[in-house]
Structures are given as structure tokens and as C-alpha cells.
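*Asks:* One structure is given below, represented as C-alpha cells, and several questions about it will come after.
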Amino acid sequence: MAGLAHGALQSNGPSVSVVTLKILPTPWQFAVVGAIFILVIIARLSSCTEYLRGLVQPFVLRRVESGVPVILAIQEYRHWLLDNILGTIATVVSAPFYTVLLPMLFWHGQPKLGRQLTLLLATCIYVGNSFKDTVCAPRPPAPVCRIASIGSEKKGSEEYGLPSSHSINITCFSGYILYYLWGQKVEPDTIFMASIMFTTLVTLVIFGRLYLGMHSPIDIFVGCAIGASLLLVWFNVDCYLDTFIIGGEYVIPFWAAISILGLYAYPIPQSHTPSFEDHTAFSGVAFGIVAGVHRVFPHYHSALAASAVSLTVAHVFTRTALGIVTSIAVKEGSKLLATLVFPSICSALKLLLGFRFHSSYYMKSKRTVLDDVEASKDSTELQALNSNEILNDIESKGRCDEPQVPDRKEAVAGLGASMTWRALKFNPEYESMDVDTGIRFVQYAALAWSVADLVPHIFSLLNL
């Protein structure tokens, strides 16, 4: 099968149009995977991340320092009400918000918008976090007051600064929804009102990053530039990508391959941050959505199936409650299964191929030893060192009454412990692979698969 499996593709307009797009053949897919694989090896062996960091980081550090007066001028108007309003608005582009919104789109008649936003945001997170961990630029230093009033903000403050992920995500999120509404031939007045609403939202989120002391002006500028660039690219590829996901050949193996290679290609930062874990989770979500949609598109995700969805209050409430419970159960069940199965797989790989593994979280919580005592001790000490550095940094910088100026020489030289405990086998400097990466990927892939495949099937069985 070289063309579409289902012969039709939803258009942005109110009607369904037939797309006669020839899917790239399997040899081309092998070429893409092979090219990425070779680039990963070259990047690891040549230490290009460190080279790029050395070129860019000093320039960014100067811009971060020069942006301090701008942030201080904004924070002169600080008020507890603004703290809470802008902190709450920042959650619009946070993981909890996506967790609620994206499944709703799949379950309540907008599956195309749901899958496109999922894949677009997964791309934004990968690109943005890769930039962060390549440049390793600090967030605004003292005397800037960093206001982290909610949990997601406190976790986000552990990441590096440039670029602003919020700026990237809100630009793409708002821009693509407006583009989608325009393609759906929505009334001009509705699009005008939506444009005002999203423009206001983007402005508040961007202003809030400065007001809350979470980002410097250079972070915002670069974030908006990256977001706009990704959005323009997405406008031109979304239809082709949708066509491939719906009816292409070997979609699931191909997407699995590039997802795994994406984990290997991720840059190694100077010190551990949550950025890699966030990317791993969203990469798993993207893979789960692709796998689910590819399998059951004509039944639950086509334009015809979406138009048949009832949007009465009772149906919306029942679908939402049942879907959330089912998805959470699948996520937790897959995590439990992965923690039981992965140790055996890791032991086999260690025995047959000599790979070495460790666990930074999941396996330790179950007191499972995956590597020899010496390697486990070394990786544990490195992780503890990184964790303590981060916690001390957040405790001192996160409070406005005890500011601490970061050492610029340390930032430039990168004295933070390297990611030895999470790195990969391409470089002999790195000792072991973190099995938790696989566990995290599997559980979020299972969660997304249930949203796109299992839950709609349950709805069908119950006539919801």
C-alpha cells in the first residue's frame, strides 16, 4: 500500500475532501532513521553540544545581566493579586492544562485539532528544552525576585532560562487554534473575538514571565522567535503529517524509531534539570497518539465519526469522567508493568551486550538493583550532588528576602556535575543508561494510546 489506507482526509473546511498524496516509501523511512542515527553518533563523538555552548553561552549571559534592570522596573509594581493572576495564567501552557484539554478534544468531536496540537506541542517541548540544555543559561539573577507561587512554576524554575518554553508554547498553541478555526470556515466575528482573546492571553503570559522573574527579555525574544518559526513550518506540514499518520506505511515502527533516537539525540546539560524528563513524557504522549489514531482512525477520529459525537451536558460529563478514570488506570498500570518487566530486559541486555543500567527514581523506590554496586554508588552520588545543588539554588533564589547572586564564572565554565548517570553509550565517558527513561516513555505512551484508542472504544461499547 503506497497511498492512503482510508482514502480520505479531513480538511479544515466543513466538507471532507479526498487527498491523493503518495506516502513516502519504506526505503525513505529507513534513510531518515539512518540519517538521524548517524547525526547522533557524530554529535556524541564530536562534542558539538559543548562547542555550541561555548560559542553562545557568554553572549546570552551578558544579555541576561543587562536585562535585570528591565525586570526590576516591572517588579516595582508588584502586588499579591498580580502574583496570583499571572501565576495562574502561566498554567495555560503547563502539563496539567494539556492533560485536561487535549483528551477533551479527542473525546468531544475535535480529534484532528487534538492530534495536531499534541504533536505540535511535543515538537515545541523538544526544541525548546533542547535549546535550554544546550545553552545552559541561568534565569534572572538577584536582586530579581523569582515568584513561584504554584507547583508547576517551582518545578519550572529548576530548568535553565533560554528560551522561554512558555513563550514558545503559547505562541504555537494560540496561533494554531486560530489557523484551525479559519480553516473550519468559522464566522468572521467569532474569529475576531478569538483573536482578541488569544492575543490577550499571549501578552499576559509573556509579560508574566518577566513580572514573575522567571525569564529575562532575551529568553522571551528567543522563545517567541522559535515559536513563530515552528508555527509557520506547521502551517505547511500539518496536512501531510496527518495524511501519513492516518494511512501511511509502517507508521508505528517509524514513529517509535524516531522517538527513541530523539531521546538519544537530546543534548547533555551541565547540570541535571527536569527538561529531559518533560521531553520524554511528551514524546511518549506523541507516540501513543500516533499509534492510537493510526489504528482506529475510520472508527473514531474521522470527520464522520466526530460529527456523530453528542455534546449534551450528560454525555460530556459521562465521557469525561469515564475517560479520565480509564486513562489514569492505564497509565498507572503500564508504569507498574514496566517496573516489573524492565529489570529483566536490562539484565538480559547487560549479559548479552554489556550495557549497564541504573535507576534514578522508579527502581530505587522498589529497592531494585540493576547494576553492580560500584556503578550504582557512583551514579547515586552524582545524582545526589546535582539534586542538592538544584534544591539549594531554588531555596535561595526562589525567596525574595534572601537573594543570592550566581557565580558567573561557574555558569560559563560549567562546573555543575555532568549528566554521567543519564547519558548514553555512544561516548565511553558515560557509564550507564537510566532505565527510568524507558519506564517514563512507556507509561505516557500508554496514557495517550488510551485517550485515542481504548477510551473511544469503550464509549462505543456503552453507546456514549
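Here, residue 1 is simply the first one shown, and the rest follow in order.
Each Cβ is built from the backbone N, Cα and C atoms, and glycine gets one as well.
What TrEMBL records for this protein is below:
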DOMAIN    115-235  domain 'Phosphatidic acid phosphatase type 2/haloperoxidase'
TRANSMEM  28-45  transmembrane segment
TRANSMEM  85-107  transmembrane segment
TRANSMEM  164-182  transmembrane segment
TRANSMEM  191-212  transmembrane segment
TRANSMEM  218-237  transmembrane segment
TRANSMEM  244-267  transmembrane segment
TRANSMEM  279-297  transmembrane segment
TRANSMEM  304-330  transmembrane segment
TRANSMEM  336-357  transmembrane segment
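Give me the lay of the land around each of these features.
*Replies:* Only residues 6 or more beyond the boundaries of the transmembrane segment (85-107), in the same chain, are considered here, and those with a CB under 8 A from a CB of the stretch are 113-115, 117-118, 121, 147-150, 152-153, 156, 165-166, 169-170, 173, 201, 204-205, 207-209, 211-212, 278, 281, 301, 309, 319-320, 323-324, 327, 451-452, 455-456, 459.
Panel annotation: around the transmembrane segment (164-182), residues 12, 90, 92-93, 113, 116-117, 120-121, 124-125, 127-129, 132, 156, 190-191, 194-195, 198-199, 201-202, 205-206, 208-209, 214-215, 219-220, 222-224, 226-228, 230-231, 234-235 of the same chain, lying at least six beyond its termini, place a Cβ under 8 Å from a Cβ of the stretch.
Listed by sequence, the residues of this chain that lie at least six past the ends of the transmembrane segment (191-212) yet keep a Cβ under 8 A from its Cβ atoms are 70-71, 74-75, 78, 82-83, 86-87, 89-90, 92-93, 146-148, 153, 164, 166-167, 170-171, 174-175, 177-178, 181-182, 219-220, 224.
Packing against the transmembrane segment (218-237) from elsewhere in the chain are residues 60, 63-64, 67, 116, 120, 123-124, 127-128, 131, 137, 139, 161-172, 175-176, 179, 206, 209-210: each is 6 or more residues past its ends and has a CB under 8 Å from a CB in it.
Long-range contacts of the transmembrane segment (279-297) within its own chain (CB-CB distance under 8 A, at least 6 residues past either end) are made by residues 6, 95, 111, 114-115, 118-119, 121-122, 125-126, 129-130, 245-248, 251-252, 255-256, 259, 262-263, 266, 437, 440-454, 456-457.
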*Asks:* What are the DSSP helix/strand/coil residue counts across the domain 'Phosphatidic acid phosphatase type 2/haloperoxidase' (115-235)?
*Replies:* 89 helix, 0 strand, 32 coil
